[in-house]
Amino acid sequence: MESKAFNKPKVELHVHLDGSIKPETIIHFAKKRQIKLPADTVEGLLEHVSYKEPLSLTEFLQKFNHYMPAIAGDREAIKRIAYEFVEMKAKEGVIYVEVRYSPHFLANSKVDPIPWGQKEGDITPDEVVDLVNQGLRKGEKTFNIKARSILCCMRHMPNWSSEVIELCKKYQNDTVVAIDLAGDESLNCESYPGHRKAYEEAVKCGIHRTVHAGEVGPPSVVKEAVEVLKAERIGHGYHTTEDPNLYKELLENNMHFEVCPWSSYLTSACHPDFTKHPATQFRKDKANFSLNTDDPLIFGSTLDVDYSIAVQHMGFTEDEFKRVNINAAKSSFLPDNEKKELLYKLYEAYGMILSTGL
């Protein structure tokens, strides 16, 4: 296991597939498909796609333009990034991961507009999900960890959301466990009812729900996620603490916050001083939250970076890390029987199995 700050089994709930691709894989498919990259060595490519000092969220999102054309619209590439993702997480000591992505961003057919300036091809969002599932399942068998997926709606593309929820339903028993909403938080659901309708359908069909909210946006976005979209978890949620009443209500309801410390620094989502990070407040209040990488390719990170920040700047102890991972497992979108199995694995690894006297 790679992690040094917490060298025990971990659970990760907030990480993007398209932000977790190996640079070598990007270069391989760019060459194979004759797609021009900003550089053709790993070091050169990382200079363009990875960074270490805070940028705005918009500048961060522009990083994807450099490399996604090499991966999107290629069956082998889509399967491979899913497989290699599981390999990467296994090396980090993760035993259960929920990975999220927008099927439309990897497609080149039956998607409007076609992303990344691709020519029209024959890979639909539906086939993308099937390809990712194949890669994840193969990775699970090879690396002996459990991986599930979350399909993302994009705030600026409400016309995609009805298909996202249909794909969640179609693949509900085949790695897909939930729906997510990502993108520009200033685009609310009042103006873009496509998302609200998709989430209403999710509630009706028993599909789990998480929403990116309060990352750079105000607490009102979190409120909308909970009240309108019926979110069961909040992606990031840092700015929730600015509305004491909302924060108190979410604490009382045991709402789970998917916290990504290093990401929040590099996207300027939070104060650059980690001692002032909302996670320190969450920790103090014994809130329900997890620690996650978000986009490790772009942030040049592993899960150990986030755990190290929590130790060095926020004073987290090993017992608190155990609690964080147990909360992550409890808040995972696994069916109850699989959740119990996961929790048992953690309790066992953490030396927390109590003798029942049987």
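Glycine is no exception: its Cβ is also placed from the backbone N, Cα and C atoms.
Annotated in Swiss-Prot:
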- Glu215: active site, proton donor (ACT_SITE)
- His14, His16, His212, Asp294: Zn(2+) binding site (BINDING)
- His16, Asp18, Gly183, Asp295: substrate binding site (BINDING)
- His236: site 'Important for catalytic activity' (SITE)
His236 (site 'Important for catalytic activity') and His16 (Zn(2+) binding site), distance between Cα atoms, whole Å: 13
Candidates His14, Asp18, Asp294, Asp295 (binding-site residues) with Cα within 10 Å of the residue listed as 'active site, proton donor': none
Distance [Cα-Cα, Å, rounded] between Asp18 (substrate binding site) and Asp294 (Zn(2+) binding site): 10
Chain-internal residues, separated by at least six, CB under 8 A from Asp294 (Zn(2+) binding site): His14, Val15, His16, Gly19, Cys260, Trp262, Ser263
Distance from His212 (Zn(2+) binding site) back to His236 (site 'Important for catalytic activity'), taken between C-alpha atoms, in Å: 6
Neighbour count (Cβ, 10 Å) for Asp18 (substrate binding site): 22
Reduced DSSP assignment, Asp18 (substrate binding site): helix
Cβ neighbours of His212 (Zn(2+) binding site) where a neighbour is any other Cβ within 10 Å: 26
Three-state secondary structure, which DSSP defines for Asp294 (Zn(2+) binding site): strand
Cβ neighbour count (within 10 Å, all chains shown) around Asp295 (substrate binding site): 27
Fewest-neighbour residue among binding-site residues, criterion Cβ within 10 Å, set His16, Gly183: Gly183
Non-site residues, in chain order, whose CB comes within 8 A of the mean position of the CB atoms of His16, Asp18, Gly183, Asp295 at substrate: Leu17, Gly19, Phe64, Arg100, Tyr101, Ser102, Cys152, Ala182, Asp294
Alpha-carbon distance [His212 (Zn(2+) binding site); Asp295 (substrate binding site)] in Å: 14
